[in-house]
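Visitor: I have a structure I would like to understand better, so I am pasting it below and will then ask my questions one at a time.
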């Protein structure tokens, strides 16, 4: 009979704990309730102990008193694996491994592919535009016959402190690259990969402080800035003869917009040009480029739904009608939201911040599903889904890998707790496959589109979350990512796209963003002493991972009277006045006592692992 009494006692204890958890929301005033969505997943496992479910209890302190090193002998497998300090020797080895990864990819490109755009890492040869098949947009949108990978990698060389190779690469670009090519490229890709990198390298060269070492170029006469100007002028025809001000998606660098050009473009492609075009305008003192980019953003913004405030993902540039009505955070939409915030950070224009705050509020109201708080309460963990822009109703049950950038964006606005949960979801998918499938179906717990082209978004968010929390958990995440890339994607001459994340088959392509972003973020994650992290050096990453300094010269313009917008468009606000809206943390920082603990409690982490079929 004793075992029956014991079971009855345990059952009553569990029911009491559940009742206590149910009361927690009522005890935490100020938290705004979010729309719930019932996932077809099991409920969160029971906590290891009552203290696990109560933030601020002695649980945190007791773990801290263990010294924060090596995990907890009495904890569960998550605490044992991730908790505690990260050995500095291991961190240094991982920093060197990340640098070695970049060097192997870069050297392979220079040896086997330069001056062509990309490296084919399986056959050790170069790749350029597909002249035989103009409809091959997967290649032709990106490759313009202008040594893309070399240009895209310039500032990574500087960040890693390789001054001699940086100087050599810059001279190669100046001496060998021309944009006078009969190449039809996507305006967005040419802007973020090529224009952005030229501007970043120019800023590094001309920086009087030279924080990364001596990156100056003898007799440098602003050649990279002139090349950026030349490229931007060749992209300008995309903004002409469009009734809405939204640009055509593609332009021929010699001939302008092709006569058979598509009138449909995606929101991100048309609305994510303002950072690079704005920097160029302010460096040149010529308003043209910022004017057309800002006009496109405002045109898209004016087309948002009156009901939900959301935007779709594909629009007709002549009629302004939405062709794609899906509103989400992934492909087709992602960097539009990113650049609303980053344009404000760089230029200080209040209207950019107002648009971002409004967009973020609508995202929270219509796209976010799951429990209110990341680290407490019951229910499914937070997740952002794809909905109809007019109704807010669910459109499908997949998310894509590009959405993994969003936790990093949430870090920039101070919504760290929500970022922790969303990042944990994508990390769980990575743990299951050793990569992120391009699309993952959260209902079927399986990839919908199984390839992985070496994308950086999860690494980017991991790096930014570590910078915000200094929690060693994110160093463990970075180590997992680094090891997976070495194990599954390393090829004879570089690193290759995974054709199938389950089967681990490879495709013969190494996209340029692997060197400009993936390797850079991994290196910076483990390089604590990098000049980028030193006090007094203020940098922002573009959507392609290029660094640009945040300084007053980009906050001053002489053409506010001719920029499109309201009369108060010249109003600026100081960074200290920046406040994002409608997120659960109310910009509270993660407490210092949690630095060596799991950022997400182990029972919630286990719940997410169950959701993706990992356990």
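Backbone N, Cα and C define each Cβ position, glycine as well.
Just lifted these from TrEMBL, have a look:
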ACT_SITE  189  active site, proton donor
ACT_SITE  334  active site
ACT_SITE  438  active site, proton donor
ACT_SITE  457  active site
BINDING   543  Ca(2+) binding site
SIGNAL    1-22  signal peptide
Visitor: Are any of 189, 334, 438 (the active-site residues) within 10 Å of residue 457 (active site) when you go C-alpha to C-alpha, and if so which?
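Guide: Cα within 10 Å of residue 457 (active site): none.
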Visitor: Residues with Cβ closer than 8 Å to the Cβ of residue 189 (active site, proton donor), same chain and 6+ apart in sequence?
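Guide: Those within reach of residue 189 (active site, proton donor), by Cβ under 8 Å and sequence separation of 6 or more, are 141, 142.
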Visitor: Using a 10 Å radius around its CB, how many other CB atoms surround the residue listed as 'Ca(2+) binding site'?
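Guide: There are 24 such Cβ atoms around the residue listed as 'Ca(2+) binding site'.
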Visitor: Here the active-site residues are 334, 438, 457; which one has the lowest number of other Cβ atoms no more than 10 Å from its Cβ?
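Guide: Among the active-site residues 334, 438, 457, the lowest count of other Cβ atoms within 10 Å belongs to 438.
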Visitor: I need the CA-to-CA distance for residue 334 (active site) versus residue 438 (active site, proton donor), whole Å please.
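Guide: Cα of residue 334 (active site) to Cα of residue 438 (active site, proton donor) measures 14 Å after rounding.
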Visitor: Provide, as an integer number of angstrom, the distance between the C-alpha atoms of residue 438 (active site, proton donor) and residue 543 (Ca(2+) binding site).
Guide: 18
